[in-house]
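Student: Before I ask anything, let me first share the structure, which is written out below as structure tokens.
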Amino acid sequence: MASLSRALRVAAAHPRQSPTRGMGPCNLSSAAGPTAEKSVPYQRTLKEGQGTSVVAQGPSRPLPSTANVVVIGGGSLGCQTLYHLAKLGMSGAVLLERERLTSGTTWHTAGLLWQLRPSDVEVELLAHTRRVVSRELEEETGLHTGWIQNGGLFIASNRQRLDEYKRLMSLGKAYGVESHVLSPAETKTLYPLMNVDDLYGTLYVPHDGTMDPAGTCTTLARAASARGAQVIENCPVTGIRVWTDDFGVRRVAGVETQHGSIQTPCVVNCAGVWASAVGRMAGVKVPLVAMHHAYVVTERIEGIQNMPNVRDHDASVYLRLQGDALSVGGYEANPIFWEEVSDKFAFGLFDLDWEVFTQHIEGAINRVPVLEKTGIKSTVCGPESFTPDHKPLMGEAPELRGFFLGCGFNSAGMMLGGGCGQELAHWIIHGRPEKDMHGYDIRRFHHSLTDHPRWIRERSHESYAKNYSVVFPHDEPLAGRNMRRDPLHEELLGQGCVFQERHGWERPGWFHPRGPAPVLEYDYYGAYGSRAHEDYAYRRLLADEYTFAFPPHHDTIKKECLACRGAAAVFDMSYFGKFYLVGLDARKAADWLFSADVSRPPGSTVYTCMLNHRGGTESDLTVSRLAPSHQASPLAPAFEGDGYYLAMGGAVAQHNWSHITTVLQDQKSQCQLIDSSEDLGMISIQGPASRAILQEVLDADLSNEAFPFSTHKLLRAAGHLVRAMRLSFVGELGWELHIPKASCVPVYRAVMAAGAKHGLINAGYRAIDSLSIEKGYRHWHADLRPDDSPLEAGLAFTCKLKSPVPFLGREALEQQRAAGLRRRLVCFTMEDKVPMFGLEAIWRNGQVVGHVRRADFGFAIDKTIAYGYIHDPSGGPVSLDFVKSGDYALERMGVTYGAQAHLKSPFDPNNKRVKGIY
């Protein structure tokens, strides 16, 4: 028997080889040293699995010839998806597992469930998983899933970590999740074996717990089978059949296996680390990597029984209660990649690399000192799949209709499985999930990145290594940068631009007055023999963001904002998505796609939403009507019929493209969608002086009469043809210039030269965030999401409900309007100058009625501004009188601050400034 202290000595005496080198699977009898004994809960299954593969014995039951949906993979996600499909009434659902249920990754997972995460959607998903495993499955089947409610304890060794936990506690109040911030002394009383000398405090969540993966998956399979679903084990999938319809759309046709084929229109890829291989069978890109992920199980520890599970984030270690012992694991900076994923791997394990694992042992011994003299009963090192942003991959693949993803769960497949299985089932049956799943949707990644090996590897490494880091609101990745750069990148970098990354693009964040801060090649934080960058200016500036207070450059952002309000600012918005929708059916398609009336004369520009069939908002964007053109140019493609120019936030361009494409396919529209995002740049000149500046650059009259708001024209700027639009995302007089790529730099320089005497300065997206919330403009996927309707969000003016023209989502909006709104988006301001970022609880008359979706500081009104949806605790409609009559407060990190509710933006509520009235 090895002890944890001996393991530390072994690791020190035997340095390991390159961390990137893949290691082959081992069976129970082949391990040496501390890994000789692996008495994990599935030892019998493992030993049985070392003989002849069960696959050779044939499938566990005959294959049906047809199915309505085939789920590939019998792990947590596969079983949860099958169960929820059956529960929602889907007939003909089949699950294919190449070995036995839980093989591959699920069988060796720790099975932890924490109820609080820094995401409102994830809190909801976790709550559903907990309901399923702790109550619903047992009620349905009479079987125990192995759920144990022993509570969870998050450890804070510094002030910022404790602040993060207080944020989680405030969010939990909006969802009824009980949690308590404990002092070190209170923590010691709860967990007597814990060292609390270095603690600032802890967050205790009494209803957290653990799940048994084998028990849960077996029970899910039985419950699904009772509802008519089929589970077929020992049946590897060897291919995906695809057909192309009359409109050139690729669709799923069937599944091939070693034992026959199944005709089906729908496949769900829940294959874990093998998901990329399954994707390749269908020509679908699945951006994930496989890594070794490990934990050790200790011998018996006196006094550990009934203790809560522990996450010591600052030590990057977790301690899971396992009877009268502990499982110890975590996330390291130098994880081992599994370079060549074997399709023979089922219930095997890797040898544990003690040098890699040492840091977790050190952290565990520091937190629970008795572990230093405690023996190691077993080690478990198996494969897990990880993704570029540490979020799962879900939804319909943009390359293939009927091919859904449910993979890449970053070692959280058990805890997220119930919620995600339910949402995936809705996605398959109804075309969309019920919740806002954009953060998990495969369409959140641009298609140019999802098969880019360096980007996938770098980002997956960084997200793994930072998994236990504090989640700060304005953090940025260092990995996978400079993938997409617009024509102004070098120009702005030289002027001190500090860039953010969105959708692969480098976009301006803010401008540092002390010179360039370029993003350098990823250094893996010094792991794998890489040399960490020294004197890295960008990393230093990013470190200033690691706070829940105002950052040091708060005043720099203030300067950018007030320059825009008082004179003028230029924003490089080239990362925007820019599409053309043209063709004979383009007007019919536009009427159906867009909630607003966009059938205005050429030269008009309309702000609109795109909705789903439930009336939820899939996008907000501008749509500009084009005049027919017989000669193509970057600013106007040649087309017959009708044409529209679409511009939307670049971070969601792929989502928009996929949504529009799917709707056009479903409607069988005869029109063309053209992506010109890479061909055009875009700068926005905003502020009271913008007209005077641009009048020197553009060859046209810019008066209100000659160039009204919400119109566009093809003009020349410093001799270059551009599309000028009179629009504003910040609530000021201003114009956007959409510019062919080759003309961006000369046009930008001409604007800056003309603006020098007017006080024109560069500004970035941190300023846009502040200016736009101050004006009351919405940001998609912040205060406007696929589960929010325009009526709830105060955007009824974007919906052509007074016209007879049908549009996608109209029926749902009409039903919602007739029934009364059950929640509304409300603007709040506070006199206390404290930063808020979202997730803060909203109190009304002493009751929690929601949480903040988005918040920032408004420099013109000199107040913190927050937006959040509120509901009536009694369950009734939320009227305007309900909003106005309440006494409000916002809870930030456990402290409440009085707040004033507004029905309109407190800044320029009559919209005079965008009209040029100052």
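The backbone N, Cα and C atoms fix where each Cβ goes, and this holds for glycine too.
What Swiss-Prot shows for this protein is this:
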type: TRANSIT; residues: 1-22; note: transit peptide
type: COMPBIAS; residues: 1-13; note: compositional bias 'Low complexity'
type: REGION; residues: 1-40; note: region 'Disordered'
type: MOD_RES; residues: K38; note: N6-succinyllysine
type: MOD_RES; residues: H108; note: tele-8alpha-FAD histidine
type: MOD_RES; residues: K173; note: N6-acetyllysine
type: MOD_RES; residues: K377; note: N6-succinyllysine
type: MOD_RES; residues: K391; note: N6-succinyllysine
type: MOD_RES; residues: Y777; note: phosphotyrosine
type: MOD_RES; residues: K802; note: N6-succinyllysine
type: MOD_RES; residues: K802; note: N6-acetyllysine
type: MOD_RES; residues: K884; note: N6-succinyllysine
type: MOD_RES; residues: K884; note: N6-acetyllysine
type: MOD_RES; residues: K904; note: N6-succinyllysine
type: MOD_RES; residues: K904; note: N6-acetyllysine
Student: Measure from the Cα of Y777 (phosphotyrosine) to the Cα of every one of the modified residues H108, K391, K884, K904, then give the nearest.
Tutor: K904
Student: Which residue, of the modified residues K391, K884, has its CB surrounded by the fewest other CB atoms within 10 A?
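Tutor: Lowest Cβ count within 10 Å among the modified residues (K391, K884) is K884.
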Student: For the modified residues listed here (H108, K173, K377, K904), which one has the lowest count of neighbouring CB atoms within 10 Å of its own CB?
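Tutor: Each of the modified residues H108, K173, K377, K904 was scored; lowest Cβ tally within 10 Å is K904.
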Student: Restricting the comparison to the modified residues H108, K173, K802, K904, which residue's C-alpha is spatially nearest the C-alpha of K884 (N6-succinyllysine)?
Tutor: K904
Student: Give the distance between the Cα atoms of K173 (N6-acetyllysine) and K391 (N6-succinyllysine), rounded to the nearest whole Å.
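Tutor: Counting only the Cα atoms, the answer is 24 Å.
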Student: Can you tell me the CA-to-CA distance separating K377 (N6-succinyllysine) and H108 (tele-8alpha-FAD histidine), as a whole number of Å?
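Tutor: Taking the Cα atoms only, K377 (N6-succinyllysine) lies 15 Å from H108 (tele-8alpha-FAD histidine).
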Student: Check the DSSP secondary structure of K802 (N6-succinyllysine), expressed as helix, strand or coil.
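Tutor: Assignment for K802 (N6-succinyllysine) reads coil.
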Student: Which one of the modified residues (Y777, K802) has its C-beta surrounded by the most other C-beta atoms within 10 angstroms?
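Tutor: Per the Cβ count within 10 Å, the most buried is Y777.
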Student: Hey, how far is H108 (tele-8alpha-FAD histidine) from K904 (N6-succinyllysine), Cα to Cα, in Å?
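Tutor: Rounded to a whole number, the Cα-Cα distance is 53 Å.
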